[in-house]
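**Q** Could you have a look at this structure, given as structure tokens, before my questions?
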Amino acid sequence: MGETENHHHTPPPAQVAPAPGLPLGAARGPTWVPAEQLQQLHYCIHSNPSWPIACLLAFQHYIVMLGTIVLVTNALVPRMGGDNGDKARVIETLLFVAGINTLIQTMIGSRLPTVMSASFAFTLPVLSIINDYAERSFEDEHQRFLYTMRTIQGSLIVSSFLNMILGFSRAWGNLTRFFSPIIIVPLVSIVGLGLFARGFPLLANCVEIGLPMLVFLVISQQYLKGIHPVTEHLLERFALLLCIALVWAFAAILTAAGAYNNVKQQTKFSCRTDRSFLISSAPWIRIPYPFQWGTPIFKASHVFGMMGAALVASAESTGTFFAASRLSGATAPPAYILTRSIGLQGVGMLIEGIFGAPVGNTASVENVGLLGLTHIGSRRVVQISTAFMFFLSIFGKFGALFASIPLPIFAAIYCILFGIVAASGISFIQFANSNSMRNLYILGLSLFLGISIPQYFVTNTSPDGHGPVRTNGGWFNDILNTIFSSPPAVAMIVGTLLDNTLEWKHVDDRGLPWWRPFQRRKGDVRNEEFYSLPLRIHQYMPTRFL
């Protein structure tokens, strides 16, 4: 291999000596200076597109977050004994409280353009509640559904105070002071990569719909945008809506033509556009109201399991907030912002418990990925999207129309959006020493265990929600199984422990000189620019909550 046909040794390539005064390698190409803010965004966190464009982008955010809500509802409501009408009402409730929580976070919480939507972290404790009523006898299945929802309500209401205590006592902010870029990289990356099961595995349930959606979106949004100056911004911002409309219409044609008449039930459910039965079951007008399922039921064993999910949702939201700051052109959120946002996330869980949502909330990863896809990180766009959430949760028939989009279409979108979020996490390594073997060790172990440990727990969890930890204390099982089934929670635990105990005095290698100014209110002038409260609300709030 090192010789030619004539058996002569190939001379080694000539080494070009760098010009005097330049670092080694500078003569071979450009070197990139670390950038605290992305420069390719068309609109950053506090700049706003025109109202027509903002409204279309807001509708796009609504469509993207809708997929997770439908997934959560389809996974839980039938197991509770709910029918299609109950599914429609649960979707409406989740949309309504998502609108409230998104407004809270964007107005007085993190101030980042993040949608607060349903969290899968609550699945295990909810399944535990479902199993508790599985063997009991009720008049009918609807009564079992109501009892289950009331128990979930009570558990959410009590567990919400854990987030409020962690946030408003500044405990969560004090925890994040132990963070460094070496912890942020695996935390944010795993927030995206840890959701791989909602990507291609879900898409593969109906390849003939999901794969065209993935291919069309990549081609139209990345390749075709350059064919004409007019199409550049149009396709970059709205190719997702265009592709959804085309593939949805294609799925409707296949359904009407009878392509799925003689296939397995799972294929019908994934591919057909008329299998959700949401449109026929949803009421025309209905406003979700407090305690709509009845008086909450409080059971200590279920409350503790829900508290574990609340901790996991806090870890997931923290990673998502860092990704949102990166993709919206803001600097990293300071500790006082994170602690305030987690406290208000607890307030959001309390609202969800009162209104009767089946799960708590977390920052939507897919909507943060949409910021990077469209290059628009405007806070106002996300705030406008709450108008669609409220309107389409009240006028149920219209909301059910969009909720009937086949799930493989959403899965194709998530393949791209989750990847963008994961890549934004990797970009934080530029602020630390990427040539340090210590840092590489911590990054590698945090990333690998952040995927491997949750995969073990998920693989060994039975369909009824019983995980690998099986002691005599059901509440203890729920807490540990929930925490260690969450990739961001595991990555944060492993990364924080290693980074603060393994050669922790290597301050420069860890990137702390860059990191520390952002953790103090006055450490960087941009903290006030990006995260200050609107309309001088801070003048009327206690200092400890700011």
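Each Cβ is built from the backbone N, Cα and C atoms, and glycine gets one as well.
Features from TrEMBL:
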- 1-21: region 'Disordered' (REGION)
- 51-77: transmembrane segment (TRANSMEM)
- 89-108: transmembrane segment (TRANSMEM)
- 114-134: transmembrane segment (TRANSMEM)
- 154-172: transmembrane segment (TRANSMEM)
- 178-197: transmembrane segment (TRANSMEM)
- 202-219: transmembrane segment (TRANSMEM)
- 239-260: transmembrane segment (TRANSMEM)
- 381-403: transmembrane segment (TRANSMEM)
- 409-428: transmembrane segment (TRANSMEM)
- 440-459: transmembrane segment (TRANSMEM)
- 479-498: transmembrane segment (TRANSMEM)
**Q** For the transmembrane segment (409-428), give me same-chain residues lying six or more residues beyond its boundaries with a C-beta closer than 8 angstroms to one of its C-beta atoms, as numbers and ranges.
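**A** Hits for the transmembrane segment (409-428): 64, 66-68, 70-71, 181, 184-193, 195-196, 198-203, 205, 209-211, 213-214, 217-218, 240, 244, 247-248, 251, 319-320, 322-323, 326-327, 365-366, 368-370, 372-373.
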**Q** Would the transmembrane segment (381-403) count as touching the transmembrane segment (89-108), i.e. at least 3 C-beta pairs under 8 angstroms with sequence separation of 6+?
**A** yes
**Q** Look at every Cβ pair spanning the transmembrane segment (381-403) and the transmembrane segment (51-77), keep those 6 or more apart in sequence, and say whether at least 3 of them are under 8 Å.
**A** yes
**Q** Is the transmembrane segment (51-77) in contact with the transmembrane segment (178-197), using three or more Cβ pairs under 8 angstroms as the rule and ignoring pairs under 6 apart in sequence?
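**A** Per Cβ check, the transmembrane segment (178-197) does not touch the transmembrane segment (51-77).
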**Q** Taking the transmembrane segment (239-260) as the first stretch and the transmembrane segment (479-498) as the second, find out whether 3 or more Cβ pairs fall under 8 Å, excluding pairs closer than 6 in sequence.
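**A** Result for the transmembrane segment (239-260) with the transmembrane segment (479-498) is no.
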**Q** If you count Cβ pairs under 8 Å, which stretch among 51-77, 440-459, 479-498 touches the transmembrane segment (114-134) the most?
**A** 51-77
